[in-house]
Amino acid sequence: MKNLPGVFAFPDNETIFAHAYSQRELEAMLPARAGAQPHAFAYAAWPLSKHRWRGAFVCRQRGVLKLNLELDAGAFERVPRSEAERFEPEQSDARALMHRGADGTVMSFECYSFLRCRPGLELREAGLALLRGLVVGGNRMRIFSGVRRAGASAATSAGMLGNESPFERAPFASLRIDAQAALFRAWAARRPTVVTGGTGVGKTSQVPKLLLWFNYLFGGTEDLDVLAPARERPVVLSLPRVALVRMNGHALRRALGFDALEGSPVELRYGDLAPADANSSRSPFRLVVSTNQLTLGALFAHGTVILDEVHEHDQMADIMLAVLRVHRARVDSIVLMSATLEDDRERLQEFFPDAEFVHIPGSTRFEIRGVYVRNSSDPRDARAYDEEERRNVSAALSAHRPRAGRCGILFVASVAQCEDYARLLTREHPELGVYVVHGKTPNVDALLAEVYASARPCVLVSTPYLESSVTIRTVTHVYDTGRVFVPAPFGGRQMLISPAMRTQRRGRVGRVMPGTYVYFYDPARLAPIKRIDSEFLYNYIIYARHYGLVLPDDLYVQPSDLELLRRCEEYLDGFGLAPERLFELASTRYLRMVEYAKIYARGGARAEELNRFERDGVVTEDVLASIRALNLRARVLSARARRGQFLHTCEVAFGPYAGTRFLLANRRRLRGDIFMVTERSFVL
């Protein structure tokens, strides 16, 4: 089967609805059978065999052979399968849903189909007698759908996946039947699939539901035209941050009609999982929503791997791309998603030459108006440029302001800039509700609830945190400074965003209502950002050794400094830890400094205290003593007084990054050596 039969389309409750087919409808569809292709209903043999019929057996009740699943409260006897399989139908009663044999034996439609659906059955051979029971079983299992009919209701989708409530109505381009069919063709062919389409068409919110549905029906199969035992594995939606895992996981759970995670086909996976996010009912076909780090640690436990936001070049996601390319045969399907491939399309086509590009048309659901506010200062004069930008942002909030009860997002580069702009806007625009949102903001859901409840116009001042996979219900305006802070070993620098980031930021509006995108930078100055050249290279080495990759050839993005890569390899070798031990630690611990692996490898109380420090920020004397003993030194080279504190120029004195210089602010004048606790905190 290459094409998705319409009877198995996922109900969007907009144009496609759950539907139970009658025997008369089945008979009317028979002439549409095309040549040697199996009838659409024949493919119901897969989900029935995988789910409803698992563990089923034949019984005789009041003279009728039926499945134990069909029994009523009366007495019955179990019938050996070998005996029941001798039955051959002579007549069929479409009202009673029964076949009658030449000897007068009566068997239910579903029981007959159950007996005939054995491994090796070629579905193109399914005749009407077999199809009748597949339709009955499929109706009882609630796996069929169809285009809108008179009286169609969203309520009919309740129970399709064991859901208490109906599927949410989803008028998204990604759930149109042509988009479903295109995605299914690539998924069934096991070709790498790159899903593109503007923000708001439903990639993150809808495509995972489709793949869960396909996996539930047909996952784990080699050839859909020949019935065989299925090797079922879950679908994983892999995301770069915990906040996105929680937000999207719960949104998917609600969209599938479940009031809680427990008992649903959605599982969240991130470090230190909160009890409220646990789900003990792990169905084999489930949708796992996971951080990239945890996905990479158990990659081949999944049948379909969905990597979202590939344009972000999250380190773990880029490593995962390399592993999936080298070990294609160990997963069934690879699906990559991005709103924009401006910076990546050529490399993806080279990396996965047989990839299927599935474009979902429609940039956003609503119109977006662009407004350019020019900064006349020379960007090389940072102070003048910043001061004019602040004036421009304040003026734009007067000229282009959200209505009462709506909000805007102001994108800046760093947490410090968030706080600075929040103070400015609070002072100059007291009529606005001003909120700061970034990766370290506690309880973002509660903050957004406050924004939604506000009668005032609000502004969310944010780092790129709000750039991806987030729909804010009341947002109508984006104000974009065009800045991003790119971390680097022992520091980082502020840069202009890439074209892909511009597309993402612009796409925060136009999802739920018309929007305005106000930008304060010159788009002609934008260029792609090669993040690997601003990252520690240790994880690339650790995961490459575990998965048998050749460095740097197998990497999706290769570092520019290959000599640095070699020095990092030699440095890790000096730890005296086996590659598998390093992999275990990298995939289960934060390892904010790779040198922490030496403490974790020794185990004991010190390792547990270090784990609490990394996860919760709990600092003890023992933790500091353990880290200090690693001798991670930096030298203070010089200092100058600035705004009531000293700004020190320091130099890393250990490892492959020795000689890297960074700035350190402290109220005291420091001299000599300091000891690094993390790459951005120190003790004397």
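Using N, Cα and C of the backbone, Cβ positions are placed for all residues, glycine too.
Worth saying up front: this structure is predicted, and the values here are computed from it rather than measured.
Swiss-Prot lists Gly197, Gly198, Thr199, Gly200, Val201, Gly202, Lys203, Thr204 with the feature ATP binding site, giving sequence analysis as the kind of evidence. Sequence annotations record features per position, and here Swiss-Prot assigns domain 'Helicase ATP-binding' to 184-359. The feature domain 'Helicase C-terminal' is assigned by Swiss-Prot to 392-563. Residues or ranges marked as motif 'DEXH box' by Swiss-Prot: 308-311.
Positions of Swiss-Prot features highlighted on the structure.
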residue : record           : Cβ within 10 Å
Gly197  : ATP binding site : 24
Val201  : ATP binding site : 28
Gly202  : ATP binding site : 25
Lys203  : ATP binding site : 25
Thr204  : ATP binding site : 26
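Counting residue by residue with DSSP, the motif 'DEXH box' (308-311) contains 2 helix, 0 strand, 2 coil.
Mean model confidence of the domain 'Helicase ATP-binding' (184-359) amounts to 93 (pLDDT, 0 to 100 scale). According to DSSP, Gly202 (ATP binding site) is assigned to coil rather than to any helix or strand.
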